[in-house]
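Engineer: Pulled from TrEMBL, these are the listed features:
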BINDING   ASN8, GLU382  Mg(2+) binding site
BINDING   LYS15, HIS205, LEU206, GLY207, ALA208, GLY209, ASP280, MET281, ARG282, GLY328, ILE329, GLY330, GLU331, ASN332  ATP binding site
BINDING   ARG89  substrate binding site
ACT_SITE  ASP146  active site, proton donor/acceptor
SITE      HIS178  site 'Transition state stabilizer'
SITE      ARG238  site 'Transition state stabilizer'
Amino acid sequence: MSKIIAVNAGSSSLKFQLFEMDDEHVITSGIVERIGMDDAIFTIKYNGEKETKTLPVPTHNEAVQLLLDTLIEKKIVHDLTDIKGIGHRIVQGGSYFDSSVVIDEDVKAKIKELIPLAPLHNGPHLIGINAFEKAIPSAGAVAVFDTAFHQSMPPKNYIYPIPYEYYTDHAIRKYGAHGTSHYYVSQRVIDLLGNPEHSNIIVAHLGAGGSLTAVKDGKSYDTSMGLTPLAGIMMATRCGDIDASVFDFMAENLGMSAHEIITTFNKKSGLLGVSGVSGDMRDVKAAAEEGNKRAQLAIEIFENRVVDYIGQYTFELGHVDAIAFTAGIGENSDFVRHDILAKITEATGIVIDEDANKNGKGERLITKPESKIKVFVIPTDEELVIARDTKRLLNL
Ligand code: ADP
């Protein structure tokens, strides 16, 4: 029996899933939110039941302790040494990591060095790594990077057309994100296509954050996020690609600071900014159906941005075998998938299977046999990839 915990430590949250790796089933999962507050929220799912409690959790150390105490208390594990491996999701691995690695002092130093590239993420990840190391010293730890899958991109797709020294001297380039999800989903599609030697796939990860990746022969060839997750398509609250001069205009004419501008682009834009209603596609859709014009426009822009990238990646790849939709919107929102596919039907020869799209559940094909490109819905499972890499690298 080998138990592995997949951990995603954010600035004020700690998400976890505990796996029994013999059959890869999730024993328990949950999240500690609002770390640092007196009214932090701890939610744990176990045996089909969900329990939530509100309590003070001053730092990530207490969050980890709370989680581990609960595992013992509920007899989910008899002893903490039952947990043999800890897999940490790390947002930014820079150009150092093209695959997952066992965490040692050198890996920690590199994650720390990369904090300027992911200030909201890499710092909290390190706190999470150290907290678990202290709590379960017997367990091995592995880092699984969101950027690793995209390290296969050719320079023509990751170098920004700004003076080259900004790349060589300051590491400013496209890194991409959601790599673990793009990897998992594209591998599932390759399996479903019957493992062809060569396959070109476009993965549309549409969640609160969203990105598209062009996958060539199982490797990332291009992706829509950039130096940070702000680039690419329109998202829940992020603007995605816009003219960089908007930044200067806001600074010069509106007297906004760099921090205010970037916060506006990250937290107040996207579906929320355009609709004025919400960053959640379900709320925006409900408002659009009631006749809210800005909500209707927000959905139209969202879908158009995805179409733009599918078009770009189709030409970049030459031909496309399959498109896959994943994450919160990609998996659950049949009307978004329908609208996007309807817009590209004529250009691509895609023939959507409306019934499978609307009424089907889980992983499935949503195009008819005569469709020139197969389209799939693939529920993503980043935690499973983290747990598998942890098991493999620790030889468990
Ligand atoms: P994150 O990027 O936070 O991991 P998720 O992949 O969980 O995001 O996606 C969350 C988003 O998915 C929500 O904000 C919402 O817009 C969308 N979503 C979830 N369920 C549905 C649904 N049934 N219909 C439409 N959109 C949905």
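The backbone N, Cα and C atoms fix where each Cβ goes, glycine too.
Whatever TrEMBL says is automated annotation, not expert-curated.
Walk me through where these features lie, including what they touch and how far apart they are.
Structural biologist: GLU382 (Mg(2+) binding site): 23 other CB atoms within 10 A of its CB, across all protein chains. Annotation note: GLU382 (Mg(2+) binding site) sits in a helical segment as assigned by DSSP.
Spatially close to ARG282 (ATP binding site) yet at least six residues away along the chain is no residue at all, judged by Cβ distances under 8 angstroms.
Around ARG89 (substrate binding site), taking its Cβ as the centre, 22 other Cβ atoms fall within 10 Å, counting all chains. In the three-state DSSP scheme, ARG89 (substrate binding site) is classed as strand.
A C-beta separation below 8 Å, combined with a sequence spacing of at least six in one chain, links ASP146 (active site, proton donor/acceptor) to ARG89, ILE90, VAL91, GLN92, GLY93, GLY176, ALA177, HIS178, GLY179, THR180. Under DSSP, ASP146 (active site, proton donor/acceptor) is assigned to coil, being neither helix nor strand in the three-state scheme.
Annotation note: ARG238 (site 'Transition state stabilizer') sits in a coil segment as assigned by DSSP.
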Engineer: Check the recorded positions LYS15, ARG89, ASP146, ARG238, ARG282, GLU331 for any whose Cβ is under 6 angstroms from an atom of ligand 1, and report them in sequence order.
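Structural biologist: Passing the 6 Å Cβ check against ligand 1: ARG282.
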Engineer: Using the structure shown, find which entry in ASP280, GLU331 (the binding-site residues) has the sparsest Cβ neighbourhood within 10 Å.
Structural biologist: ASP280
Engineer: What is the number of other Cβ atoms found within 10 Å of the Cβ of ASN8 (Mg(2+) binding site)?
Structural biologist: 23
Engineer: These are the binding-site residues: LEU206, ALA208, ILE329. Which one scores highest on other Cβ atoms within 10 Å?
Structural biologist: LEU206
Engineer: Would you pick out, from the recorded positions LYS15, HIS178, ARG238, the residue whose Cβ has the largest number of other Cβ atoms within 10 Å?
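Structural biologist: Comparing the recorded positions LYS15, HIS178, ARG238, the most crowded Cβ belongs to HIS178.
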